[in-house]
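Trainee: The NAD(+) binding site annotation in Swiss-Prot covers 48-53, 74-75, 111-112, 140-141, LYS245, 274-276 and rests on sequence analysis. Taken from Swiss-Prot, the feature site 'Plays an important role in discriminating NADH against NADPH' applies to GLU75. Summarising the annotation, Swiss-Prot assigns substrate binding site to TYR226 and lists sequence analysis as the type of evidence. Taken from Swiss-Prot, the feature active site, proton donor applies to TYR236.
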Amino acid sequence: MIIHPKVRGFICTTTHPLGCERNVLEQIAATRARGVRTDGPKKVLVIGASSGYGLASRITAAFGFGADTLGVFFEKPGTASKAGTAGWYNSAAFDKHAKAAGLYSKSINGDAFSDAAREKVIELIKTEMGGQVDLMVYSLASPVRKLPGSGEVKRSALKPIGQTYTATAIDTNKDTIIQASIEPASAQEIEDTVTVMGGQDWELWIDALEGAGVLADGARSVAFSYIGTEITWPIYWHGALGKAKVDLDHTAQRLNARLARRGGGANVAVLKSVVTQASAAIPVMPLYISMVYKIMKEKGLHEGTIEQLDRLFRERLYREDGQPAQVDDENRLRLDDWELRDDVQDACKALWPQVTTENLFELTDYAGYKHEFLKLFGFERTDVDYDADVATDVSFDCIELG
């Protein structure tokens, strides 16, 4: 079928399979250009492997270090009459090109919060991956979590704590500057956000993997976080989501103590703000990203997801000099270091009050934001003919969990 973008709110409801594949190929090429190292992870499990930072982790492990990878995600496959989600096509493309490079690649499509997913992962590690993994990446960004056992569904809330938060934002449907107000989260919403977005599920995964004996000696685990700056703190770090990320930090400290006994470790990696399906949903982030992209591009500091993950693997987790990674006071790996430079943040703060609907495209990189957003779904690529027919029913080596 012929597919063009249709945007509703912060979601693009259509996806382009070929565009998604080209996006993945672009990330593979960027990784290969930095050379393949053999002194890093060999068997890698990625939870939340189909888009954003999780996908970039999988690409970096496979094409930067020659690792075998197992990816878990929750995506909608395409059919002959309807396109699937971008993550489905991203994962299909990854699988195709990893196999072409002679690498083991297997995927599981299902609820990563479920015990069934853990059981299937353990089975595959034992039967197909030599029995153990040496790196587990935790990269889930889900608004909903069904609790294993009880089946109770919890939802996260992107809300401030204590008082209503009002700030300048972009109405991305109309490309206008608005004042957005968000009511504060209730105590229950805060608790539920911690349950969905905190470290509980990460710990359940490590419990299961360790209990089954499928974590190698020296195995590492990393989970992703974002802290940001005072511009976004009310909605993020000081909001309900921030409480979940603090819980993630506490979890990392517990897991690190456990894995360190066998020569491994666990860290939270704090990454920079990028255009992903997850960040597009957070109020104020599109405007902040549009500003920070412009400033960082001007300073030659801009990075996308693949550049961030490349730096995380090569300069932090698996340093060529064999030294332990540099961490902050909370034992976190900081990849937001360039974004948080004073010269970058001071420029952002100076720019923020000046932005209006009239000068939005001129003062910020909102055009770049819109381009990157549509690109997530396979659109806006110059190497794809969007008026040509494209097959939407794409299958690959993926186990469907019922």
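Here, residue 1 is simply the first one shown, and the rest follow in order.
Just so it is clear, glycine is given a Cβ too, placed from its N, Cα and C backbone atoms.
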Trainee: What subset of the recorded positions GLY48, GLY52, PHE74, GLU75 lies within 10 angstroms of TYR226 (substrate binding site), using C-alpha positions?
Mentor: none
Trainee: Measure from the CA atom of TYR236 (active site, proton donor) to the CA atom of PHE74 (NAD(+) binding site) and give the result in Å, rounded to a whole number.
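Mentor: Counting only the Cα atoms, the answer is 25 Å.
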Trainee: Using a 10 Å cut-off, grab the number of neighbouring Cβ atoms around the Cβ of LEU140 (NAD(+) binding site), all chains included.
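Mentor: 22, counting other Cβ atoms within 10 Å of LEU140 (NAD(+) binding site).
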Trainee: Looking only at C-alpha atoms, tell me how far GLU75 (site 'Plays an important role in discriminating NADH against NADPH') is from SER50 (NAD(+) binding site), rounded to the nearest Å.
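Mentor: Between the Cα atoms of GLU75 (site 'Plays an important role in discriminating NADH against NADPH') and SER50 (NAD(+) binding site), the distance comes to 8 Å.
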Trainee: Where GLY48 (NAD(+) binding site) and TYR236 (active site, proton donor) are concerned, what is their Cα separation in Å, rounded?
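Mentor: Answer for this pair: 21 Å between alpha carbons.
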Trainee: Quick one, of the recorded positions PHE74, TYR226, TYR236, which Cβ has the fewest other Cβ within 10 Å?
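Mentor: Checked PHE74, TYR226, TYR236; of these recorded positions, fewest Cβ neighbours within 10 Å: PHE74.
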Trainee: Return the single residue from the recorded positions list (GLU75, ASP111) that has the minimum number of other CB atoms within 10 Å.
Mentor: ASP111
Trainee: Do you know offhand how many angstrom separate VAL275 (NAD(+) binding site) and the residue listed as 'active site, proton donor' by C-alpha?
Mentor: 16
Trainee: Fill in the CA-CA distance, LEU140 (NAD(+) binding site) to the residue listed as 'active site, proton donor', as an integer in Å.
Mentor: 17
Trainee: Does anything in the same chain, at least 6 positions from LYS245 (NAD(+) binding site), have a Cβ under 8 Å from its Cβ, and if so what?
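Mentor: The answer is MET197, GLY198, SER225, TYR226, ILE227, TRP237, VAL268.
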Trainee: When you measure from the Cβ of GLY52 (NAD(+) binding site), which residues in the chain that are at least 6 apart have a Cβ under 8 Å away?
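Mentor: Residues satisfying the criterion: SER139, ALA141, VAL274, THR276, GLN277, ALA278, THR305.
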Trainee: How big is the gap, in Å, between the Cα of TYR236 (active site, proton donor) and that of ASP111 (NAD(+) binding site), rounded to a whole number?
Mentor: 25
Trainee: In DSSP terms, helix, strand or coil for GLY52 (NAD(+) binding site)?
Mentor: helix
